[in-house]
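Read the structure below first, then the notes.
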Amino acid sequence: MYTLLSGLWKYTFQKDEYNVLILGLDNAGKTTYLEQTKIKFTKNYQGMNLNKITTTVGLNIGKIDIGHVRLNFWDLGGQEELQSLWDKYFAESHAVIYIVDSSDTERIDESKDAFEKMISNAQLQGVPLLVLANKQDLQVR
């Protein structure tokens with residue numbers, strides 16, 4: 001009887017969970033993207049003051065529930081010394097969003113190198129990928 005009730009409870013209330021990595025160089029806009037996504041999809045969420053967002057050292061986590069699905073967003077720091085930690089999260093990832101600062105032409109090759117290193121990792125084979133060219137509303141630097 002317990003198994004039946006437990007299964008019914010899980011079927012009714014448990015959400016499927018998916019982990020989404022948000023990667024890119026530092027200052028690409030990863031945390032701002034995460035905050036704006038949480039504002040859009042989380043009822044009554046006010047969000048951080050965008051002027052107070054600073055460089056991520058380590059990890060920011062955001063959770064969004066849509067129907068019976070929970071999306072766990074992992075916003076990882078993009079500084080060069082933190083990029084070596086990215087692959088520690090690949091095995092548990094169901095999708096990757098790679099954000100490029102399209103206004104920072106001086107770092108576009110650096111972003112390309114980080115991207116190529118990321119996608120060459122075998123753990124990301126078959127994992128859906130979205131490349132987002134951010135800051136298109138700004139003048140090119």
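Just so you know, the numbers here start at 1 and follow the chain as drawn.
Cβ atoms here come from the backbone N, Cα and C positions, even for glycine.
Here is what TrEMBL says about this protein:
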type    : residues                                                            : note
BINDING : G24, L25, D26, N27, A28, G29, K30, T31, G78, N134, K135, Q136, D137 : GTP binding site
BINDING : T31, T56                                                            : Mg(2+) binding site
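Feature map: TrEMBL annotations on the structure.
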residue : record              : Cβ contacts under 8 Å, 6 or more apart
G24     : GTP binding site    : K30, G78, Y98, I99, V100, D101, S111, A114, N134
D26     : GTP binding site    : T55, T56, G77, G78, Q79
A28     : GTP binding site    : G78, I99, V100, D101, D104, S111, N134, K135
T31     : Mg(2+) binding site : I53, T56, N60, D75
D137    : GTP binding site    : none
Inset, instruction - Please compare the binding-site residues K30, K135 by how many other CB atoms fall within 10 Å of each one's CB, and tell me which has the fewest. - result: K135
Inset, instruction - Look up K30 (GTP binding site) in the DSSP assignment and report helix, strand or coil. - result: helix
Inset, instruction - Using a 10 Å cut-off, grab the number of neighbouring Cβ atoms around the Cβ of T56 (Mg(2+) binding site), all chains included. - result: 19
Inset, instruction - Express in Å, rounded to the nearest integer, the largest CA to CA distance found among the GTP-binding residues G24, L25, D26, N27, A28, G29, K30, T31, G78, N134, K135, Q136, D137 named in the record. - result: 22
